[in-house]
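Features of the protein shown, as given by TrEMBL:
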type	residues	note
DOMAIN	48-297	domain 'G-protein coupled receptors family 1 profile'
TRANSMEM	35-55	transmembrane segment
TRANSMEM	67-86	transmembrane segment
TRANSMEM	98-123	transmembrane segment
TRANSMEM	168-192	transmembrane segment
TRANSMEM	212-233	transmembrane segment
TRANSMEM	245-268	transmembrane segment
TRANSMEM	280-299	transmembrane segment
Amino acid sequence: QATHFEGMPGSNCTQATEFSLAGFTEDPASQVAQFLLFLLTYLVTIIGNLVMIALIRASPLLYSPMYYFLGNLAFVNLCTSTTITPRMLAGALLGKKGISYASCMAQVFLFDTFGMAECFLLATMAYDRYMAVCHPLLYPLVMSPEHCSRLVTGSYLLGLTNGVGHTIGMLSLFFCGPSTIDLFFCDISLLISLSTYDTTLSRVIVRTSSSLLGIPSILVVLASYVAIISTILSISSAEGKRKAFFTCASHLATVSTFYGALIFMYLIPRSDTSRGGDKWAAMLYTVVTPMLNPFIYSLRNQEVKEAWRRLRKIK
């Protein structure tokens, strides 16, 4: 579907009012299998993250900065998954690939907002682990409830700034005629490559946002873990090293999965038409990671297991 726009650069342009999401396959049998797999993944994601949030709020054992940040990470994972997966389910079940321009812009806004918020939450959690391992005596003072609250609020505000900036950049673009996005959601880099007009402003906004927001969050994570590893190596006892490592293992696994998928999607050189289009890396980042995070933080975490046991005894 398209609408003709008079007076726009190149008067023959018909502005697209709908995009087509390529998805994974055209085969009906495969689409049914995908629907069942996506549905199961989404249900596990919803249940796992809601249980994690409820457990953190209900158990006094988990009233600490690390679990406060983890509860917010679970909330962001819920929002990210809900932004992407229901539309995937509808596409796989109904074979409907079309998505309206307004829905696509809303998806860009929400995905980029919560995606950047997650980057800063992971950076905040890395800083929290740095203080716990490298400066344990200062930890209660530096990671006070007020400071933690400001860090989380700042993460959401920076995510919102990213989402608004990217959306404004998208609104300056025009798409002539039907446009197919070679992915299962509206990815901003693919949308920019599909535009038939000057994309300079949009590219500047995306690169500026990545430079001013994304790169600092990555640097905080890297600097924190360099200091953490240096401190762990300086510990003389093997038991001390093991305990220090396990305080960071869950977060390190989450960071590795999250940033590994992002780097694969956006930093490995590709042609413009396929940039960001590696569907399996996108699946890992948008669908699998939000599902796995509750399990990463609970399966090897004795505090979470003990909180769960106590809660079950009370009930």
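Cβ coordinates are placed from backbone N, Cα and C, and glycine is handled just like the others.
No curator has checked TrEMBL annotations; they are predicted automatically.
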With the greatest number of Cβ pairs under 8 Å to the transmembrane segment (168-192), the stretch among 35-55, 67-86, 212-233, 280-299 is 280-299
If one takes Cβ-Cβ under 8 Å and requires six or more residues beyond its ends, the residues near the transmembrane segment (280-299) are 38, 41-42, 44-45, 48-49, 51-52, 70, 73-74, 77-78, 80-81, 84-85, 88, 111, 183-185, 187, 250, 253-254, 257-258, 261-262, 264-265, 305, 308
